[in-house]
Amino acid sequence: MNLSQQLAAGGAGEHRALIITLFAAFVAATLGITVWAGRQTKGAEDFYAGGRQFSGFQNGLAISGDYMSAASFLGIAGAIALFGYDGFLYSIGFLVAWLVALLLVAEPLRNSGRFTMGDVLAYRMRRRPVRTAAGASTIVVSIFYLLAQMAGAGALVTLLLGITSEAGKILVVVLVGIVMILYVTIGGMKGTTWVQMIKAVLLIAGTLLITFLVLLKFHFNLSELLGAAAANSGKGEAFLEPGLKYGATATSKIDFISLGIALVLGTAGLPHILIRFYTVPTAKAARKSVNWAIGIIGVFYLMTIALGFGAAALIKPGDIEKPGNTAAPQLAEVIGGGAGSTGGAVLLAVISAVAFATILAVVAGLTLASSSSFAHDIYVNVLRKGEATEKEEVGAARWATVGIGAVAIVLGVFARGLNVAGLVALAFAVAASANLPTLLYSLFWKRFTTQGALWSIYGGLASSVLLVLFSPVVSGKETSMFPGADFGFFPLENPGLISIPLGFLLGWLGSLLSKEEPDARKYAELEVRSLTGTGAH
Amino acid sequence: MSSAPTRDPGTQEPPDYRQVQSSAEFARLRRSHRSFAFPLTLAFILWYLGYVLLSSYAGGFMGTKVLGHLNVAFVLGIAQFATTFLIAWWYSRHAAARLDPKAEAIRARLEGAVTLEKDGA
């Protein structure tokens, strides 16, 4: 019936051995690089920003590695395989979003901040309250994102390694968590950046190979591929048109718009992406890295057409289980020659190892972002009032990594059964509601005040998280996290349509109603530094 | 034709940023950035939202066949990719020609001799 049972039934041992060997090789190589990077990691500049020595191209590759998560690889392929055209919206939204980062955020952030998003948000404000808020929202966004990656890891483990016992699954998630903690604590930003680059190359290579094989099968004719997908899906031409997932009711149509807004505005507020801009020496290099990232990520998302519709065309209908996270590896097996063939086994193993590498690398990037923010924003600047030594600061960041790694492991054990692309979209909505308004107001609006920043961050954060809590994602539906309970009242799965405008509105209102005057001197400093790069770290 | 003040090399005093901010030279840099980036951001977000709205509420139009199984929805989706690449290229060209020289001129004057020390650090 499903792939894991097939694997368990016959010849599974060899597949599993191959997957584990390839994955172990990846882990060994990356850990080696991590140890090498760790030897060069001395101070805070190294730990948080990789010494700011990466080139625009290297960082563009690493950004791509950080961004092309399990959501992109497994989630989008699955969403397209199940819902056809509606799944493709993710690819488009995830890409277009980079323009916000390129035009408005990347360069000023690089020019005016040091290590975290909080550096820029707190620049002109009363630092302690704003840094606390920035740290809180960084950690919440990263944990939502971690939840998605760990859900992907759980699904993969079950399917590909044929591990069905609960103890076995937990063991694998714990191992993934431990390797990730090693990457970050030992290698810091430098080690993590190299891991992202290697993973990006592997992911692009694997996706190119599958795309090539799929297109070969359909004579490099996109229309033929789409036709075959439509026919095999059992839904006919409707599979190629908008509406299969989101077109059923007036509510689901609005949900689609909410998702679309969250995707396009979320990227420029994701802390693990923002801290990547600090790894290059100048704003120009930051711009160059975004351009490389747009090129690499764009090509990758174009290939999700082949992955998703290829899976829909070639896998027997009904074999792709909801929520679809396994469609890409299943496609690899089919395109390689089918179950039982050597080609199928090898391709399945390669793609599975790539998927594991993807999850591992992204989880490391997220953990680095949240532990950096905990150590730099909350521990040093709030708890110690800026009085900690550099050694204490890096020590705190390493301990925070262990703590957040532990949280990720626990989440990974519990998070399963949700489409990872959908979960990541929630992280995007929270980022766009809590972080983006304050980031843009801070950089471009001179009347913005501390009160505005706090209202915007906490208001955006609370509204987006609470709306998710009372949405069908958490309760009230068969596919919910708690299918047995129903305490929801918010009809949309994605809160962005309400919470993002609310975040912007609260920032504006909080500033207007503020008793204190905006600090004109600090704004002058921030504006001049952010546009010219004067005094950049 | 006022320009940003020159920083006295050798002193550790931070530059007077308010004076820089109100200089005509800085105003030109700010205008070059904002007059390009703000309208363009608005434009690509509207174009993207238009596409999302069409997907939601104009299913019939989006399903119109263009070539074989390729329909309007796909063509517009691919067009989103194309415009993203195009805008990234266009902005980078604008930044290299109109922003970088202005920013570097102001920065060089503000940092003065200190830049040399900092590069060695």
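A Cβ is built for glycine as well, from the same backbone N, Cα and C atoms used for every other residue.
If you check TrEMBL, you get these features:
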- A:17-38: transmembrane segment (TRANSMEM)
- A:59-82: transmembrane segment (TRANSMEM)
- A:88-106: transmembrane segment (TRANSMEM)
- A:133-161: transmembrane segment (TRANSMEM)
- A:167-186: transmembrane segment (TRANSMEM)
- A:198-216: transmembrane segment (TRANSMEM)
- A:256-278: transmembrane segment (TRANSMEM)
- A:290-315: transmembrane segment (TRANSMEM)
- A:346-375: transmembrane segment (TRANSMEM)
- A:396-414: transmembrane segment (TRANSMEM)
- A:453-474: transmembrane segment (TRANSMEM)
- A:494-513: transmembrane segment (TRANSMEM)
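The stretch in A:133-161, A:167-186, A:346-375 that contributes the largest number of Cβ pairs under 8 Å to the transmembrane segment (A:17-38) is A:346-375. Sequence-distant contacts of the transmembrane segment (A:256-278) (same chain, six or more residues past either end, CB-CB distance under 8 Å): 48-49, 52, 59, 62-63, 66-67, 86, 89-90, 93-94, 96-98, 100-101, 104-106, 109-110, 113-117, 138, 141-142, 145, 189, 193, 245-247, 286, 289, 365-366, 368-370, 372-373, 425-429, 431-432, 434-436, 439, 492-498, 500, 537.
Under the criterion of 3 or more C-beta pairs below 8 Å, with sequence separation of 6 or more, the transmembrane segment (A:167-186) and the transmembrane segment (A:453-474) do not qualify as touching, having fewer than 3 such pairs. Proximity of distant same-chain residues to the transmembrane segment (A:198-216), defined by a Cβ-Cβ separation under 8 Å and at least 6 residues beyond the stretch ends, is recorded for 26, 29-30, 33, 61-62, 64-65, 68, 73, 225, 296, 299-300, 303, 306-307, 310, 314, 328, 331-332, 335-336, 347, 350-351, 354, 357-358, 360-361.
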